[in-house]
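J.: When I checked TrEMBL for this same protein, it listed these features:
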TRANSMEM  25-50  transmembrane segment
DOMAIN    43-294  domain 'G-protein coupled receptors family 1 profile'
TRANSMEM  62-88  transmembrane segment
TRANSMEM  94-122  transmembrane segment
TRANSMEM  134-155  transmembrane segment
TRANSMEM  199-223  transmembrane segment
TRANSMEM  235-254  transmembrane segment
TRANSMEM  274-296  transmembrane segment
């Protein structure tokens, strides 16, 4: 036996099972997955093109939206191509290091999305509660710093995970009962003391969820108070209208995450495919629905999209 094999404590490849218990339906389940991925690609690429091409949309709100679209593109492309390969071609193998890279991107960009949603809440707070200071507060350099801070926080929190997972000996087999390399799904295959990984994973999830969501809610408390103080009903409606898309994006991101988390704790005896379908929905839904929400509810985006397609028809 070679020295490299003796020293290796992890398998060369993992096997992604897909959705345990529903293997016979994989080819059919792949159809809505493929449709959702196509919508996510088309929608987010269209948003990015419109924001890039139209100088009038180079404002804080749309720059944050461009960040969100970029994150959604990376997030969906990190998982969906491999999931479709599993469902359609039974290509279940994934290299150990490719698995760690997928896990890193998956969790890092989820954290970045949460940060950008928080930044968008701050944008709406300044726009409605401090309208006279909007252009002086949300400057280009500040937006750049917010974007860099979102990336730095995610990378800092997620960088330890691959190194923590490399130190384990994997004696529970190489089959991951999931569609992608999720941190805890990989940890379940490891031998030895995994308590630190469990605690670290829960602590990061709680920190991100509680911290970001608390400040988002606080921003909307101030926004609601400011809107209710407006004199006319038309002004209130207009102010609320500027927040509808962002509220929709928040619900699309946090609701599946909270439901999935609650199900893991309340319905532990539920069939494995229920939890995995919820986890996949959490990954698929925000990238697919965000462009639709902003395309329908944001007048400037809607007008640019119509102009784009009408110009093509001509």
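For all residues, glycine too, the Cβ spot is worked out from N, Cα and C.
Heads up, TrEMBL stuff is auto-annotated, nobody curated it.
Note that the structure is a prediction, hence the values are computed from the model and not measured.
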J.: Do the transmembrane segment (94-122) and the transmembrane segment (235-254) share at least 3 Cβ pairs closer than 8 Å, excluding pairs fewer than 6 residues apart in sequence?
T.: yes
J.: To the transmembrane segment (134-155), which of 25-50, 62-88, 199-223, 235-254, 274-296 is linked by the most Cβ pairs under 8 Å?
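T.: If we count Cβ pairs closer than 8 Å to the transmembrane segment (134-155), 62-88 scores highest.
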J.: For the transmembrane segment (199-223), name the stretch out of 25-50, 235-254, 274-296 with the most CB-CB pairs under 8 Å.
T.: 235-254
